[in-house]
Amino acid sequence: MNGTIEIYASRILALLVAIIGHEIAHGYVAYLNGDTTAKRDGRLSINPINHVDPLGLVCMVIFRFGWAKAVPINPYAFRKRKLGMITVSLAGVVYNLVMAFIFSGVFAYLYFHPTDSNFIQLLVENLLWYNIMLGIFNLVPLPPLDGSKVLASFLPRAWEETFYQYEKYAYVLLLVAIFSGAIDKVLGPILNGLINYFLNFWGHIFYV
């Protein structure tokens with residue numbers, strides 16, 4: 001397989017695993033909280049068309065930071081509204097961080113037991129990166145990211161409504177931060193530090 005094709009094929013495949021699981025986690029936890037909106041709209045499906053945001057996908061492939069299509073939820077259907085918002089918002093983050101931890105283990109294993117397949121190596125590396133990126137990036141408290149919904153859950157109702165009124169401006173700010181490289185400068189050290197922590201953990205297990 002051509003080297004360039006391998007790089008982008010591994011990125012796209014890893015992205016689909018990270019994105020689809022992230023969004024299904026949101027929808028499933030919303031369902032557990034009493035809201036059937038995501039299930040009714042097909043957002044518990046593994047069909048990538050239901051989850052991929054075209055601009056967010058392009059940003060992730062090129063800049064390695066981006067987002068997916070937001071899962072529709074009805075907070076008023078939750079049995080406990082604030083608790084539901086917090087758990088649903090964090091569900092995708094938890095999924096991605098768990099997957100990042102697992103694939104960091106696979107990456108560490110391949111370090112000590114190398115494979116002849118460059119594509120497998122690239123795929124595992126991208127599965128680790130995109131999962132940890134989506135997990136940490138989504139904690140940024142700017143709409144439409146999950147961190148903004150967690151923050152809004154702790155605000156008084158009047159402030160919460162005002163907060164969401166500025167969502168379109170925050171969206172532009174987010175794009176500027178990605179295209180300018182500012183988000184990479186801020187989150188890069190955090191992501192690399194967490195990756196190194198995971199790899200050191202697995203390294204002690206496999207280095208025997």
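Placement of Cβ uses the backbone N, Cα and C atoms for every residue, glycine included.
Some features that TrEMBL has for this protein:
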TRANSMEM  12-31  transmembrane segment
TRANSMEM  51-71  transmembrane segment
TRANSMEM  83-112  transmembrane segment
DOMAIN    121-169  domain 'Peptidase M50'
TRANSMEM  127-145  transmembrane segment
TRANSMEM  166-183  transmembrane segment
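For the transmembrane segment (127-145), the partner stretch with the highest count of Cβ pairs under 8 angstroms, out of 12-31, 51-71, 83-112, 166-183, is 83-112.
Through the fold, the transmembrane segment (12-31) approaches residues 37-39, 43-46, 48, 50-52, 57, 60-61, 68-69, 71, 73, 78, 84, 87-89, 91-96, 99, 123, 126-127, 129-131, 134, 138 of its own chain, all at least 6 residues removed from its boundaries and within a Cβ separation under 8 Å.
Here the transmembrane segment (51-71) has Cβ contacts under 8 Å with residues 8, 11-12, 15-16, 19-20, 22-24, 26-27, 30, 38, 43, 129-130, 133-134, 137-138, 144-145, 178-179, 183-184, 187 of the same chain, all six or more residues outside its ends. If you take every residue in the domain 'Peptidase M50' (121-169) and average the pLDDT, you get 87.
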